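Asks: According to Swiss-Prot, the protein carries these features:
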ACT_SITE  His147  active site, proton acceptor
ACT_SITE  Asp360  active site, proton acceptor
Amino acid sequence: MNINQINTKLIKPITPTPQNLKNYHISFLDQHVVKKYIAVVLYYQSAPDNGRLEDSLAETLVHFYPLAGRYIKTDLTVDCSDQGAEFIEAEARGDVRVTDLIGKTDTIHLCPEQYFGLDEGVDDPLLSIQVTRFSCGGATIAVSVSHRVFDVSSLETFLSAWSSASKTGGGVAPVIPSFALASLLPNKDEKFGLDSNKCQGKEQKIAVKRLLFEKRALTRLTSERTSGVRAACAVIAKALIRLDRTTHGKSRDFVVFQPINMRGRTGVPSPKNACGNMSFGSFTRRVSAKEEVGIGELVGLIGDGVRRGIAEYTEILCPDRDGRDVIIHVRNKNIKEVFKSETFVVSFTDWSKFGFYEVDFGWGRPIWSGVGPQRPRGNQTIMMRSKEGDGIEAWVHLNEDDMDLFEQDVEIKLFLS
């Protein structure tokens, strides 16, 4: 697919950010996330160019002002001087239609250049958007945001606000985000910190495959008390464990890792529309290489791991506790357990509950939503809701050699799309 970027500009808030908001101090969680960008791609069958995208973005950035700023890593702050969000206009050459792209995982040409946070330079935009138009009248909108300041839930809040402003022309009350997490969990001297990047493996060439778990398959895999996401995760985890045994020539102990969105789950509730990072890593118990674990047991393990993670982090916003100490204690305990010997980590991220299919800029809802380019150091599977809403799409990221073997797994072949 030949994509030509025809224009790049910086979109600034329509009104200047007040002086008292110029320096946004990131939170303790923001401080210690993995350095990367989070990207989602939305596909629209019809997308007339009426100029509202840019205007509504400028209106929305008034409330989401850190996204128009620049990160100053030496100060752990965002300089909110309205430097602007990157806005790229592109066009697809030839007769490729948006509908031809549904189900395809190669999204890199539809997305802004990925900075991946390796340097986190003072000139790197925290928010980049690429609108790619097709001769059929359709378009894709790719939104890439720095994980240093936002998690996926925050990205959903931003997309809801921007699309609402575009669709209504500002005729309804805007979605107002809260940036109070930074004051509730302020950043802390680095000597007390946790470097999530040190927990990552080596960089590798990544291949991506999409698995589709349709409603009928999920019904077969689940019971009334089992979520479809966990059942799909269990199938993939079982295949990855078999793959790990093949590549290492032996069974290894393993754990399953999954971030938990703690909004609405803390003893003291987080602010409404809380933006920033509010996701915490949960781990299953360590499973011995000698244990034979089936799909049903894996479903239970994953559920237990999530419940344990929620219990461990529930008091992070309590006024009589220093939430940062809770985070340090839990994460250090988990890291010590996982890395005390050779352990295989199976990693999942659940995006299925986010409302990407509700993002209507005034042209109707997306006909599909996809995951932007990832650079995991190890395996990573992102779970997405299918367009119909009753199925699960799994975007599996593995190194290229492992992916060749993964695709040959008998169970996985049933779900390759």
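Indices start at 1 and increase along the chain as displayed.
Glycine too: its Cβ is placed from the backbone N, Cα and C atoms.
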Asks: So, three-state DSSP: helix, strand or coil for His147 (active site, proton acceptor)?
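Replies: Note: His147 (active site, proton acceptor) is coil by DSSP, not helix or strand.
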Asks: What's the number of neighbouring CB atoms sitting within 10 A of the CB on Asp360 (active site, proton acceptor)?
Replies: 16
Asks: Distance check, please: Cα of His147 (active site, proton acceptor) against Cα of Asp360 (active site, proton acceptor), rounded to an integer number of angstrom.
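Replies: Roughly 24 Å, rounded to the nearest whole number.
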Asks: So how many other Cβ atoms are close to His147 (active site, proton acceptor), meaning within 10 Å of its Cβ?
Replies: 22
